[in-house]
Amino acid sequence: MTSLYWRTFGEGHIDLVLLHGWGLNAEVWGCITDRLTPHFRLHLVDLPGYGRSQGFGVLDLNEMAGVVLEKAPQQALWLGWSMGGLVASKIALIAPERVQALISVASSPCFCARDEEQWPGIRADVLRGFEALLSRNFEQTVAQFMALQTLGAPDARNDAKKLNQVVLNCPMPEVSVLHGGLHLLAENDLRQALVNLPVPMLRIYGSLDGLVPRRIIPRLDALWPQSRSILINHAAHAPFISHPDEFCHQIVSFFRELS
């Protein structure tokens, strides 16, 4: 029987659900939980197929969002990093009445570059390269992807080491699940779907992010004028690891404004 790993703790009265990115698990939030627990009741989730949530097989975005939503509190703030941002966004579209606010971190509604629209993102050939490498050398692929996420950050080597440790400390996802995650990143485009989202939205980016380039910020500012964007200078794809104090300050400030 499949079971979704879900851990709840914290002294706050507001529920905050945190969704991790591709290849990782809920332990990735360990560097910021102490800063957030005075303000929130945290819900740390291993997405279906990742970490301790084994046995789900390959799910598409709708299915993944549905599985997570089933176990979620009736109302919560939702924070999604990278691929987790797509899942959190889909949840906000499926059940906006259960989402007090949506926070996307180093995430894009359309991860894949679209040359015909000059949309910045990950090139399709790069994703195909990761897929091919994944079939040949699983561990090397994951290590390369973790290094790519921290590239450019002030302490990139140490940040990448932290991400790798998170992967190694929990059960590894099946290769088919990782392939499915790359397809999820390549195929989904929520840009238009989120135009009329009736939920407050904060978007956090790293100025040095090579996977979600800062060039998407003005494009989404224009497309989603009701949302707000924040750029963390000298951060790459994992700003909560490289700049935990600034990151948590932005989350708490956003929540206080909502209140």
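Any Cβ shown, glycine's included, is placed from N, Cα and C.
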Matching residue for the substrate site, where TrEMBL names Ser82, Met83, Phe145, Met146, Ala147, Leu148, Gln149, His237 - out of Trp6, Trp22:
Trp22
Pick the one among the binding-site residues Met83, Met146, Leu148 whose Cβ has the fewest other Cβ atoms within 10 Å in this structure.
Leu148
Spatial neighbours of Ser82 (active site, nucleophile) among the recorded positions Met146, Leu148, Asp209, defined as Cα within 10 A: which are they?
none
Cα within 10 Å of Asp209 (active site) - qualifying recorded positions among Trp22, Met83, Met146, Leu148, His237:
Leu148, His237
For the C-alpha pair, I'd like the distance in angstrom between Met146 (substrate binding site) and His237 (active site), rounded off.
10
